[in-house]
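Participant: There's a structure below that I have some questions on.
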Amino acid sequence: MNQKLLKLENLLRFHTIYRQLHSLCQRRALRQWRHGFSSAYPVWTAQLCAWPWPTDVLTGAALSQYRLLVTKKEEGPWKSQLSSTKSKKVVEVWIGMTIEELARAMEKNTDYVYEALLNTDIDIDSLEADSHLDEVWIKEVITKAGMKLKWSKLKQDKVRKNKDAVRRPQADPALLTPRSPVVTIMGHVDHGKTTLLDKFRKTQVAAVETGGITQHIGAFLVSLPSGEKITFLDTPGHAAFSAMRARGAQVTDIVVLVVAADDGVMKQTVESIQHAKDAQVPIILAVNKCDKAEADPEKVKKELLAYDVVCEDYGGDVQAVPVSALTGDNLMALAEATVALAEMLELKADPNGPVEGTVIESFTDKGRGLVTTAIIQRGTLRKGSVLVAGKCWAKVRLMFDENGKTIDEAYPSMPVGITGWRDLPSAGEEILEVESEPRAREVVDWRKYEQEQEKGQEDLKIIEEKRKEHKEAHQKAREKYGHLLWKKRSILRFLERKEQIPLKPKEKRERDSNVLSVIIKGDVDGSVEAILNIIDTYDASHECELELVHFGVGDVSANDVNLAETFDGVIYGFNVNAGNVIQQSAAKKGVKIKLHKIIYRLVEDLQEELSSRLPCAVEEHPVGEASILATFSVTEGKKKVPVAGCRVQKGQLEKQKKFKLTRNGHVIWKGSLTSLKHHKDDISIVKTGMDCGLSLDEDNMEFQVGDRIVCYEEKQIQAKTSWDPGF
């Protein structure tokens, strides 16, 4: 009885091995059919090439494999004793590794991995060399191979100790001292923001900056006659303010919203209001350009009601101050309103302990090197302090104020320029003081490590999604081609893949004619960020693709020119230079370099470049117009030709031009004339007031009295992009 049960068990094992070998053979046959048979398997080659496979050959192969398994099982105890005396090979593995990577780590071929997975629940038919394996299957393969696994450093490092630097807990209220308010001037383009600041700080910034539009963020400390101080931030279209808010930087205490009394509420006015509300910052309304005859401050206040900005005149809490930045009228009232609101907010800070602040701007200065403009929010900054901002650090070499004057200390709410940075941090990054340079490196290394870990997690998610897509595609393919023989199935799959082959270079060039690749270079980090935010609003990809190849801070370099040549792109520079050597190199390579000092001029240039990539549009320009007074027909050969008797009302009719026939305002025919006569004479031009007879190239056209004949010419004009960036 026991022998019969043993035989039955052996038969069941044989049946399982037979099915698994059949699946594995199909995989090997398909791979060998694609790439040619390996000389390492000459016997298999003869068996696999013959189709269909003889049953006795497959059965023999299965029996041979089964005998081998039985022999190994019988020799198990002796084999295990022998293997225990030898050290096991250690294989370094990681999560998400592919079959090919696992085989390479084990120093085996991929077939070895497939065979190790035969007696598992995994669907071998769905696996390819680049398929990613779960942790359980990696362990299964390593165990069956008699090897030891070792997880790579990527997994072990997850328990690494946190070395980051963070802000200190809130200080004891008794230690806090009053500080100056930090005010951001916001509003629509050319509503007078820079001119307003110019009057406050008694400089000529607005006169220097072409067009009166702010070129990049500046931070300025303004001392009022009363002794109070206000720190102003000047933003370029408030794009950088939005970016700072997105990073969680709460720098601004008060927003002064500048609205022109003659223009009223505009698009960027609404955006400014939304930014202030999102940051939960109170607003003071400055109604500018009140010196103009068409100024209407009350209209501005009423328009703002629609955006939940209610001035004190209408029962709200928003102070409204009518001013003229050009003449300086009522500016002190605006300053007093700002100071009064700051007193109500009770702004205080701790001037002691390690420094905390926020990066306002980053740029490269030829004389000073890497420089950041920052607002100090806590502590007192001194020369020699070691700072960390994002993944950058600095040992402060030099500090200077908004006028370039060297200073020894910077207190809370004070804007300061800082040199000594190893790399440039981005606008909005948090600045923290640490005790030493080694500690700064430790913090930066930790933040870079965290970024790598986050990227690794994102990559794993992408891998998992692709794996899921691959599995679904494989399942659909099995449902679609499962009933076919493997050869027919492979041919159909090949034909499908052939349709997805990338375009040839010539075809790609034709397609890329409707693509504009750009490289952006700016003088400071905020300028570049503001331009990038404008480019983010591009919504006309159906007309022309806009691709950002590279962006950075500093003058145009040889690398920028090489990139532009590679991608057939255009270099846009903002407040930067391109040396003679660079310009000569660009000219030889056919690369356009466009330098601007006004941000909206750069955007207009970009719009023109996009428009130049669009196909030309055709416009009709009328030359003359005639009305039909009578209709008749003439006989030419054996057919009757309809003729219209007309009188020219406007311009002139020229036979070589194009014509159209309109009836009740609708065009019913377009084409050319076959005949144009005055009395019985053939003529080429009929002028205003003259009568004529004409026939069309459409024989079946029936004229009606009152129809109009329009003579016109077609002109090709350059199409314009539909993208409206809001300037």
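Heads up, residue numbers simply count up from 1 along the chain you see.
Every residue, even glycine, has its Cβ placed from backbone N, Cα and C.
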Participant: Have a look at 76-79, 288-291, 356-359, 448-451 and point to the one annotated region 'G4' in Swiss-Prot.
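Facilitator: Going through 76-79, 288-291, 356-359, 448-451 one by one, Swiss-Prot gives region 'G4' for 288-291.
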Participant: Under Swiss-Prot, which of the candidate ranges 178-181, 234-237, 506-509 is annotated region 'G3'?
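Facilitator: The listed stretch tagged region 'G3' in Swiss-Prot is 234-237.
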Participant: Swiss-Prot lists region 'G1' for one of the ranges 155-162, 187-194; which is that range?
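Facilitator: Checking Swiss-Prot against the ranges 155-162, 187-194, the region 'G1' one is 187-194.
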Participant: Between the candidate ranges 212-216, 267-271, 362-366, where does Swiss-Prot place the region 'G2' annotation?
Facilitator: 212-216
Participant: Taking 10 A as the limit, how many CB atoms besides its own sit near the CB of T688 (phosphothreonine)?
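Facilitator: Around T688 (phosphothreonine), other Cβ atoms within 10 Å: 14.
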Participant: Which whole-number mean pLDDT does the model give the region 'G3' (234-237)?
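Facilitator: Taking every residue in the region 'G3' (234-237) and averaging pLDDT yields 55.
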Participant: What are the DSSP helix, strand and coil residue counts for the region 'G4' (288-291)?
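Facilitator: Within the region 'G4' (288-291) the tally stands at 0 helix, 1 strand, 3 coil.
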